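Below: the structure, in structure tokens.
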Amino acid sequence: MSDILLELLCVSEKAANIARACRQQETLFQLLIEEKKGAEKNKKFAADFKTLADVLVQEVIKQNMENKFPGLGKKVFGEESNEFTNDLGEKITVELQSTEEETAELLSKVLNGNMPASEALAQVVHEDVDLTDPTLESLDISIPHESLGIWVDPIDSTYQYIKGSANVKSNQGIFPSGLQCVTILIGVYDLQTGLPLMGVINQPFASQNLTTLRWKGQCYWGLSYMGTNIHSLQLAISKSDSETQTENSDREFSSPFSAVISTSEKDTIKAALSRVCGGSVFPAAGAGYKSLCVIQGLADIYIFSEDTTYKWDSCAAHAILRAMGGGIVDMKECLERSPDTGLDLPQLLYHVENKGASGVELWANKGGLIAYRSRNRLDTFLSRLIQNLGPVKTQA
């Protein structure tokens, strides 16, 4: 199984290279944007966009997984269809070709004959990426490939990607908007149980060199399977743990909470959160990025009461958080159940469609979500949130 995760790290980095390449040329970037229509449209945004970068990234992930693990590429699911319409109204199916030249030829149809741009993109698509991790290479875990499914969000926070703001200031390490909020999300789940098993989050625009204006990325991963829990932040955490263990156990129950939220969150939730968290409520763009803030320890909780996140938004982060001892739960179910029932938390699952839905809504996280790293912190947070929501709690 670690061989799959190693391959996902490599394809996520190739995907990040594509995302960066598409942004570096403004004229090229304008060509790549196409508005999403019909059943594909995410109802949260007035104008949602499909970019060729989105489609290319998803196809690269599919093709690479299929080449390395035959059959697995067919079980890569995501938000994007690989059909693109050019300015002449021609529908083009975007697929990786066997050679760089053939891929460039296909891309030139999408890009209205712009061969230099097509060749530049094809080069990045066919470039080999070698990303290794000694921890993963030494891990020996076996799981049949046929029992796995993969959720992909090729470019989460497409709006921030298109807008391309590079000079947004962070608030206590959390960026409210900007390219830092863009993530590539790859989550692996069990087709039978729906549990998330492996996750990769690649942040292509983590930091910018102010001299060269080049962007550097950062990659995070986690694996949670049959009692094995391992993640990329383990070394960083274990170094500080020995010094702060007592302090952390006290903090579980005493200190204020911090939460990261969507700018579109309901006023009732915002008001309750301000009573629970005081001034430590941070708005930020992108479901993937907000989950990453919890993974990084920048916030205790990511909470979202709406039904406009999807399985591809949450699966990768959920797997990493499980490896850390946390998870992502259904917010509505959490607020409706009695805390003293002793029931397991309603973790999000990834294998069952929503009944009666169509299009992307088949895979919406209908009850909203709460992402967390610490179960103890979550329990305390939930009891305080319920107290502060009062009678409106079941409407979330």
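Placed from the backbone N, Cα and C atoms, the Cβ positions cover glycine too.
Here Swiss-Prot flags Asp54, Glu80 as Li(+) binding site. As annotated by Swiss-Prot, Mg(2+) 1 binding site applies to Glu79, Asp153, Ile155. Residues or ranges marked as Mg(2+) 2 binding site by Swiss-Prot on the basis of similarity to another entry: Asp153, Asp313. According to Swiss-Prot, the 1D-myo-inositol 1,4-bisphosphate binding site annotation covers Asp156, Ser157, Thr158, Ser264, Lys266, Gly286, Ala287, Lys290, Thr308. For Ser314, the entry in Swiss-Prot reads phosphoserine.
Taking the features listed in Swiss-Prot, we show where each one sits on the structure.
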residue: Asp54; record: Li(+) binding site; Cβ neighbours (10 Å): 29
residue: Glu79; record: Mg(2+) 1 binding site; Cβ neighbours (10 Å): 25
residue: Asp153; record: Mg(2+) 1 binding site; Cβ neighbours (10 Å): 30
residue: Ile155; record: Mg(2+) 1 binding site; Cβ neighbours (10 Å): 31
residue: Asp156; record: 1D-myo-inositol 1,4-bisphosphate binding site; Cβ neighbours (10 Å): 29
residue: Thr158; record: 1D-myo-inositol 1,4-bisphosphate binding site; Cβ neighbours (10 Å): 23
residue: Ala287; record: 1D-myo-inositol 1,4-bisphosphate binding site; Cβ neighbours (10 Å): 27
residue: Thr308; record: 1D-myo-inositol 1,4-bisphosphate binding site; Cβ neighbours (10 Å): 18
residue: Asp313; record: Mg(2+) 2 binding site; Cβ neighbours (10 Å): 30
residue: Ser314; record: phosphoserine; Cβ neighbours (10 Å): 28
Cα distance (Å, whole number) from Asp54 (Li(+) binding site) to Glu79 (Mg(2+) 1 binding site): 9
Write down the Cα-Cα distance for Asp313 (Mg(2+) 2 binding site) and Ala287 (1D-myo-inositol 1,4-bisphosphate binding site), rounded and given in Å. 6
Restricting to the recorded positions Asp54, Lys266, Thr308, Ser314, which ones have a CA within 10 Å of the CA of Ile155 (Mg(2+) 1 binding site)? Asp54
CA-CA within 10 A of Glu80 (Li(+) binding site), subset of recorded positions Asp156, Thr158, Asp313, Ser314 in residue order, equals none
Measuring Cα to Cα, tell me the gap between Thr158 (1D-myo-inositol 1,4-bisphosphate binding site) and Asp54 (Li(+) binding site) in whole angstrom. 8
Neighbours of Asp153 (Mg(2+) 1 binding site) among binding-site residues Asp54, Lys266, Thr308 (C-alpha cutoff 10 angstroms), in sequence order, are Asp54
Residues other than Glu79, Asp153, Ile155 within 8 Å, Cβ to Cβ centroid, of the Mg(2+) 1 site? Asp54, Val57, Gln58, Gly78, Glu80, Val152, Pro154, Asp156, Thr158, Ile184, Leu185, Trp312, Asp313
Among the binding-site residues Glu80, Lys266, point out the residue whose Cβ has the most other Cβ atoms within 10 Å, with all shown protein chains included in the count. Glu80
Going by DSSP, give the three-state secondary structure for Lys266 (1D-myo-inositol 1,4-bisphosphate binding site). coil
C-alpha spacing of Asp313 (Mg(2+) 2 binding site) relative to Asp156 (1D-myo-inositol 1,4-bisphosphate binding site), in angstrom: 7
Work out how many Å separate Thr308 (1D-myo-inositol 1,4-bisphosphate binding site) and the residue listed as 'phosphoserine' at their Cα atoms, rounded off. 11
Length of the line joining the Cα atoms of Lys266 (1D-myo-inositol 1,4-bisphosphate binding site) and Asp313 (Mg(2+) 2 binding site), in Å: 20
Determine, to the nearest whole angstrom, how far the Cα atom of Asp313 (Mg(2+) 2 binding site) is from the Cα atom of Asp54 (Li(+) binding site). 14
